[in-house]
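Each remark here refers to the structure printed beneath this line.
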Amino acid sequence: MGLALSVIVSGIAFGLLIGMLAFILVFLYKTTGVANFAVGNIGMFETFIVYELWKDGMGLWPAAGIGLVCSAVFGVLVYQVVLRPFGGGQANTLVRTVALFLLLAAMADVFFGRDQPYHFPSVLPGGGTKVGGVLLRWSDLITVGIVLVIVTGFVAMFRYTRTGLQFLAVAQRPETARLLGVRAQRLSTIAYMLAGCLALLIGLLLAPKQLLFSQMMNPILLFAFAAAVVGGFTSLAGTFVGGIIIGVATDLVSTYWGSDLTLASALAIMLLTLAVRPNGLFGTAQVRRL
Amino acid sequence: MLTRARDDVGRPALLLLLLLALAPLVVTGVSDQGILVVAMIYAVGAVGLDVLTGYSGQFSFGQFVYFAIGAYVMAAVRVHAHWPWVPAIIAGVLAAALVAAVIGSLFVRLRFFGSAVGTFFLGAVAVDLISGSRLSHWTGGSNGLAVLPVTIGDHSLSEGDWLYYTVWIALALSVALCLRYTKVRAGMAARVVKENEVVAAVLGVRVFREKVRAQALAGAVAGLGGCMLALDVGYLSPDTFGISQSIELFAIVAVGGTGSIVGPVLGAVFFFSLVNGFASTSASASQLLFSLVVLAVVVLFNRGLYDLVEQGVRKLLALRGKGVPVAEPAAGPEAQAAPAASSGPAAVAGHPAPAVRTEVRPREARPVPQGPPLLLLEDIGVDFGGVRALGGVDLSVARGEVHAIIGPNGAGKTTLLNCISGIQPATGRVVLDGDDVTALPVSVRRARGISRTFQHPSLVADLTARQNVEVGAYATHDGSVLLEMAGLPVTRKRDRVARERALAALELLDFPKSRWDVHAGELTMGEQKHIDIARALANEPELLLLDEPTAGLGEEEIGAVAGAIEGVRRAGVTVLVIAHHVGFVRRIADRCTVLDFGRVLTSGTAADVLTDDQVVDVFVGAGGKS
């Protein structure tokens, strides 16, 4: 029982990371109309940059700081150079993100990946504490804290700032928002800037746990997609709930049944949710006019 | 990128296949031939992926799952069950098709995004399963599985010219199969599904089934590609079938150009020759080049290579035959037609508009038709999350009459039509010709004689006007796609009947013959509305529902639509029409029902209703009277 509870706790912490990636996916989907397959690899590539800086003798925190700035710039570049020019509709943009996914993995392999995988120094303290026989790792608790802070920040932005309000408007009715004078491209640029930074954060939290290599984000990207679908793909809170569900379930499956079934179990949860509630747990059906 | 699908690519496909067949004469190096072999193997599956994406509007980022199934099944039944290689390949292809159909039917309910993610996921899961221990007695787990040599006489099909031409035959098969699919009813129906699923359902197309069929076809050819890959590599390992390969395959289709069958083949050859030509030094360097080129192509030429070639050839032809019209009716130059479509009434004057009947029948002289009503609505109610769209509507439409529904925006007119055609669930009863059809689905109501048009005519832009009508002309869209593709007499007869019915509908509406073979995307709004009516009429309905056939049209075009409706009524079809234009209603309608805020305000002869004070109030607004 103690093992199960410990697994559940670490599953929740992992689930919040999944939820954060799912949140980025939904956030970008709502503001730019396309779910970005490359988000995970953007985080991976940025983490590599931080790693290179650290390896060259820089302190971890300054390296992370510089990495954050790079990430913001990187996010803007992704939108302005890859996604925006000669806009070709939803399918075309989707393929662009997929091509970017491949490109970043290949770039990481060519530029940084000679001896991958690498051990990444932990940003967070090791060890933990026991509460009633359940092991609580400091890193997990801090992860939970970080995610809570970020969520609060976003909620505050959506509620109290003009930009946040514009994001909500674009998410609800993109055309109307545009007609009302919301500068959609500016918003998309900001969205990608934020997404770049969050992606780095996920990379930094994930890399110490599971080594740093070019394919490191593939599983969590899939989990995040599952979480977003389970959560409803329109609800921001839903993504975190979905993330926790996926995180805990896959952690339990891999502990008790074997790790080759983790992805399959996430897929199963996703399909099951869609079978029972086609719009996810928190989503609402969209009415289309004929 | 998903803009255009073609069904006139037979000759380009033949040309490309011929070139590939002759290529070994020029490309003699063993490694260069090897590159072409790999390109053709990818192309075998890419063509199927194009059917899925370009023609049925679905996505798959996990197509290598079916490559894997084809390859592993073929290799496994030979190793474990000692099957000869021909049945083994057939087993591989069938297994891939079967699994694709099953998985496809799970993913069909997910839309654009969901299916992209779902298939991506599937690709990753499949690699886990193949390399895991659970299937390892079949697949060899992460150790892999040897492919037993395949020979004809003394010749091994795994090397040299024999390998090349075996793969070439597989590619030719795949292309032929997919080309055939685009030509038959199923292919046309799939394109309606891609355009708009609701419209497809109203036309009697089994949306679910057509989507799954496209999945199965794509899966089958991917399975065939997998078998070829097995021949080529000789040893199967899970890494050969990862998500990267699936994504590359999709990228190849996108770069080659969706909706062209030939494009993906072109894309595959282009890529493998380019990538291997420049970066044979390391695997990751060639990956880098590959993804860079994909990105460049999808950003800069987002319609793909085939479109580029097509444009080039067209320009060349135009240069050569200066002043002489290009003798290829199926590929009408878009550039010329585009301005015509947007310039409104002037464009209509250029093409002979449907004859406008000027005679106005004396409305009052005609008695309201007697006998039991054809359509009876009792207490129809619809709620949209708290908003009462329809609150207990009763309506009776007599056989043979033209019944107009008028009312301000948001009165629930379209919702009422949706309830009648079965798209919108509602409370109350819908009775057609004495039978309660309330519980029947869209397709059955259509078979019972209810057809409809839409406010925005969702025609398939890349089908011709006539083809659009033909899709609506099938009495039923049931039946086996395999029989269709085999072209048996039964299905041919069915196609002929549909063609004749489409012809009859077009002639009944006086649609100008010169515009029959124009792509629907190049028609004027008025013409599109005509084709929409013809499409609904081609099913020979008892009751025709028209949703604002005059919206957005000029006076002259409205006259043409009115003439068309009179033609329809003379053919004995009952018409229920939503309209805003009072003159139009006065001209065509026997009776008229006014809806306001989801309720029937009044109902009666058109003349009475249109002069009713209450009705004038609703239309002009209370402020207008005072």
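Every residue, even glycine, has its Cβ placed from backbone N, Cα and C.
Computed from a predicted structure; not experimentally measured.
Proximity of distant same-chain residues to the transmembrane segment (A:7-29), defined by a Cβ-Cβ separation under 8 Å and at least 6 residues beyond the stretch ends, is recorded for 35-36, 39-40, 43, 134-137, 139-141, 143-144, 147, 150-151, 154, 191-192, 194-195, 198-199, 201-202, 205-206, 220-221, 223-225, 227-228, 231, 233-236, 239-252, 255. If you look up TrEMBL, you'll see A:7-29 (among others) marked as transmembrane segment.
Marked as transmembrane segment by TrEMBL: A:61-82 (among others).
The transmembrane segment annotation in TrEMBL covers A:94-113 (among others).
Feature annotation from TrEMBL assigns transmembrane segment to A:134-158 (among others).
Look at TrEMBL and you will find A:189-208 (among others) tagged as transmembrane segment.
Annotation comment: TrEMBL describes A:220-249 (among others) as transmembrane segment.
The transmembrane segment feature in TrEMBL is assigned to A:261-282 (among others).
A contact between the transmembrane segment (A:61-82) and the transmembrane segment (A:220-249) is absent, since fewer than 3 of their C-beta pairs, 6 or more residues apart, lie under 8 Å. Listed by sequence, the residues of this chain that lie at least six past the ends of the transmembrane segment (A:220-249) yet keep a Cβ under 8 A from its Cβ atoms are 7-8, 11-27, 29-30, 35, 37, 39-41, 147, 151, 154, 171, 202, 206, 263, 265-267, 269-270, 273-274, 279-284. In this chain, the transmembrane segment (A:94-113) lies out of contact with the transmembrane segment (A:134-158); the count of Cβ pairs under 8 Å, excluding pairs fewer than 6 apart in sequence, is fewer than 3. For the transmembrane segment (A:189-208), the list of distant contacts is 17, 20-21, 23-24, 27-28, 31-32, 36, 39-40, 42-44, 46-47, 50-51, 64, 67-68, 71-76, 78-80, 83, 120-124, 139, 143, 146, 150, 163, 167, 216-217, 220: same-chain residues at least six beyond its ends, Cβ to Cβ under 8 Å.
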